[in-house]
Ligand SMILES: Nc1ncnc2c1ncn2[C@@H]1O[C@H](COP(=O)(O)OP(=O)(O)OP(=O)(O)O)[C@@H](O)[C@H]1O
């Protein structure tokens, strides 16, 4: 039974598809089964064409049994499925680009350059390694060295100002230095969306696909931005699959792990998780001090008259703990002030000049404090907020408290779960997502959150 010129295979597959849709559900069907086409069924082997090898391997892992059962019921039993990639969405264009010998002969490098705008300071040389970022650093280094790394994508996640962008840009610098011909495309998820929307508007989707599918390394910063943006997510998913199928490396960053990003389609989440997921943790004292020393060395190279009294860097490293961007900003401010007045940077000058930063850093919110404030705000007992009762009047405040704990502290999900009566981390994720969802549609919740946040920060 062959597809070419044989209507019966198509008819058979149409029947099977209808049953499969019922069995696997519409969402999974649309994502995974709908792109398949039955090419032939012979000698107990059913051959299905798939748009990408990834899709084939995912279907083989997750839906093989269901497909074999449905074929059997439809009167065409098979014992084995074979998936053959049908070719990519734009195989000709992508291949031509990838093989073009002279970069100037096609439009891709210019477009990539335009998006790159790398910060020359964000190199590996200037990245200080500590316990909290050593795994992320090692993975980034491996990719930058250009050897096969065995994980794709590299997904870096962590709070703000912890060095994720720095590492990504360092990969780009290093790869360009090692191989100026390498097509390394670095952009934020927002830029990805803007370029996608512009291409749609200007009917230049082929150009868009050519640019993105011809790169050697694609790096997208703050990928959580595409959550809830359906068409952008869809396009990103296809770009991702096409690149992985070609063996091209992808590096992504986000402010949280793939499973914690709400409003991402399940197939996208599973794709993001399929490589190496590394958390970049808040910097400890030693790393903070190391970063300060490295920044001072750079500042001294530019201004040899810079003088810093003993103890100032230790003081800053101990007191400014929120993130490395704030720490770096504090040092820059201090250096600017000292150079203006032509003075040495002393502890007194640091205290005077950085009063606001120091006060903000002193203010650390604990999960327990959040729970107390939330219970107070909703007039319920702390025991009910934390306890097992599922009444709406307890459950909603509990979710609000979970959300605040996740967004206002650096505690991990399992840790927060433990502090909420030993709940599992998935319950915390559910609570956080629920509040994120409600925030946009329920002004009362939005007001409550605003009020609580202010109270906790004051
Ligand atoms: N380990 C490090 N060594 C030296 N500088 C660092 C390190 N980590 C962060 N920095 C500096 O801190 C600043 C903030 O880092 P970066 O922008 O990479 O953070 P991020 O994790 O991408 O944050 P966001 O999610 O807000 O974009 C940068 O100036 C960066 O150079």
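Every residue gets a Cβ built from N, Cα and C, even glycine.
What TrEMBL says about this protein:
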REGION    1-101  region 'Domain I, interacts with DnaA modulators'
DOMAIN    150-278  domain 'AAA+ ATPase'
BINDING   161, 163, 164, 165  ATP binding site
REGION    339-458  region 'Domain IV, binds dsDNA'
DOMAIN    366-435  domain 'Chromosomal replication initiator DnaA C-terminal'
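Where TrEMBL records a feature, it is marked here on the structure.
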{"residue": "161", "record": "ATP binding site", "Cβ neighbours (10 Å)": "18"}
{"residue": "163", "record": "ATP binding site", "Cβ neighbours (10 Å)": "28"}
{"residue": "164", "record": "ATP binding site", "Cβ neighbours (10 Å)": "25"}
{"residue": "165", "record": "ATP binding site", "Cβ neighbours (10 Å)": "19"}
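Residues belonging to the region 'Domain I, interacts with DnaA modulators' (1-101) score a mean pLDDT of 73 in the model.
For the ATP site, the Cβ centre of 161, 163, 164, 165 serves as reference, and the other residues of the chain with Cβ at most 8 Å from it are 158, 160, 162, 166, 167, 253, 280, 324, 325. Per DSSP, the domain 'AAA+ ATPase' (150-278) is made up of 67 helix, 23 strand, 39 coil.
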